[in-house]
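S.K.: The following block contains the structure, expressed as structure tokens.
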Amino acid sequence: MCDQTFLVNVFGSCDKCFKQRALRPVFKKSQQLSYCSMCAEIHILKTMYQREEGGILRFIHLKRKRQYSSSWFHLCSHKANVHQVAERVEALGQFVMKTRRTLKGHGNKVLCMDWCKDKRRIVSSSQDGKVIVWDSFTTNKEHAVTMPCTWVMACAYAPSGCAIACGGLDNKCSVYPLTFDKNENMAAKKKSVAMHTNYLSACSFTNSDMQILTASGDGTCALWDVESGQLLQSFHGHGADVLCLDLAPSETGNTFVSGGCDKKAMVWDMRSGQCVQAFETHESDINSVRYYPSGDAFASGSDDATCRLYDLRADREVAIYSKESIIFGASSVDFSLSGRLLFAGYNDYTINVWDVLKGSRVSILFGHENRVSTLRVSPDGTAFCSGSWDHTLRVWA
């Protein structure tokens with residue numbers, strides 16, 4: 001191919017997209033056309049791939065990839081926000097979700113919950129000092145553990161579904177193996193894994209049952225070996241209580257994000273223990289952080305009554321989800337499986353559903369009779385579960 005194809009000739013209207021840009025000469029069936037750089041490269045790729053069997057499919061894939069890359073480049077270089085970039089995206093239609101199950105059994109505020117990978121079982125912890133494993137289909141309790149303290153602020157399911165972890169004001173993270181024998185004394189098999197110098201605020205298994213991440217009111221996060229209880233890595237950088245964490249959704253799982261009372265959201269490298277990115281745009285405590293399904297961004301919910309979206313590649317905040325009528329803090333956030341919706345639980349007893357791209361609220365869910373303290377989307381994306389200070393959990397779909 002002639003080198004002239006890659007030379008900028010003049011500035012004018014592209015013969016392909018008709019936008020005013022720098023032009024390059026392109027020869028198509030012996031006819032010389034003036035294309036912008038993006039259209040020229042697409043034309044070259046199309047010509048190359050159409051010579052191969054199935055090449056047109058690969059061309060379409062590459063074309064879409066270029067479009068997404070172009071949007072991301074615009075986001076990074078022009079200080080635009082997600083809502084501006086997504087102006088031409090079609091708005092979501094009518095959105096309806098209802099309470100399908102109500103889980104009753106806790107005697108006090110529900111503080112945390114997590115889904116099992118089997119998409120059916122749920123573990124929850126409460127101020128009543130109990131940790132309960134539920135069957136979300138039947139609403140039956142399958143296991144119950146009474147902790148040595150009240151305010152069990154953190155709980156998590158192991159990836160295998162064979163164990164749960166929990167902790168709170170005891171400053172520990174304890175792991176309990178689960179068996180089919182519902183009458184077995186689970187407390188006898190308890191394993192104390194992590195020990196902080198202040199309350200345990202969050203915990204999450206890594207991609208195996210053998211390691212667990214914890215966050216604490218002592219201002220640190222830590223990575224522990226479950227079998228030996230050995231501290232593998234500690235993460236120092238927050239200036240106040242760490243309230244939440246979330247592991248990156250990748251096979252390697254080498255990064256995680258944390259948020260705390262210092263109004264900071266920090267991204268950590270689990271191997272080095274170093275903070276690789278930090279964001280400080282919230283005006284109050286960050287109560288919840290959750291990675292976008294692709295792992296390229298994360299959302300946060302704060303006592304400043306806003307949820308925010310941070311793009312890790314652009315290294316900045318790219319969206320704010322708020323309304324003047326919302327004056328209560330956001331306690332918990334999570335994305336739909338596609339990443340188009342952001343679910344947020346608030347202290348005014350409601351759950352707001354946001355269109356991530358448009359920035360608009362597409363639904364508001366009522367049902368809880370006290371503040372919504374925790375919220376998680378099921379692994380298959382067909383439902384989500386919320387926990388509240390009204391002592392109940394609700395499964396929505």
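Placement of Cβ uses the backbone N, Cα and C atoms for every residue, glycine included.
Annotations per TrEMBL:
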type: REPEAT; residues: 103-135; note: repeat 'WD'
type: REPEAT; residues: 193-234; note: repeat 'WD'
type: REPEAT; residues: 235-278; note: repeat 'WD'
type: REPEAT; residues: 279-320; note: repeat 'WD'
type: REPEAT; residues: 332-364; note: repeat 'WD'
type: REPEAT; residues: 365-397; note: repeat 'WD'
S.K.: Which bits of the chain, at least 6 residues beyond where the repeat 'WD' (332-364) starts or stops, bring a Cβ under 8 A of a Cβ in it?
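M.R.: Residues 81-83, 86, 89, 91-92, 95-97, 287-294, 299-301, 305, 307, 309, 319-321, 323, 326, 370-377, 380-381, 384, 386, 388, 390, 396.
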S.K.: Could you put numbers on the helix, strand and coil content of the repeat 'WD' (193-234), residue by residue per DSSP?
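M.R.: Going by DSSP assignments, the repeat 'WD' (193-234) contains 0 helix, 25 strand, 17 coil.
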S.K.: How many helix, strand and coil residues does the repeat 'WD' (235-278) contain under DSSP?
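M.R.: Summed over the repeat 'WD' (235-278), the classes give 0 helix, 23 strand, 21 coil.
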S.K.: Just to confirm my parser: what is the rounded mean pLDDT across the repeat 'WD' (332-364)?
M.R.: 96
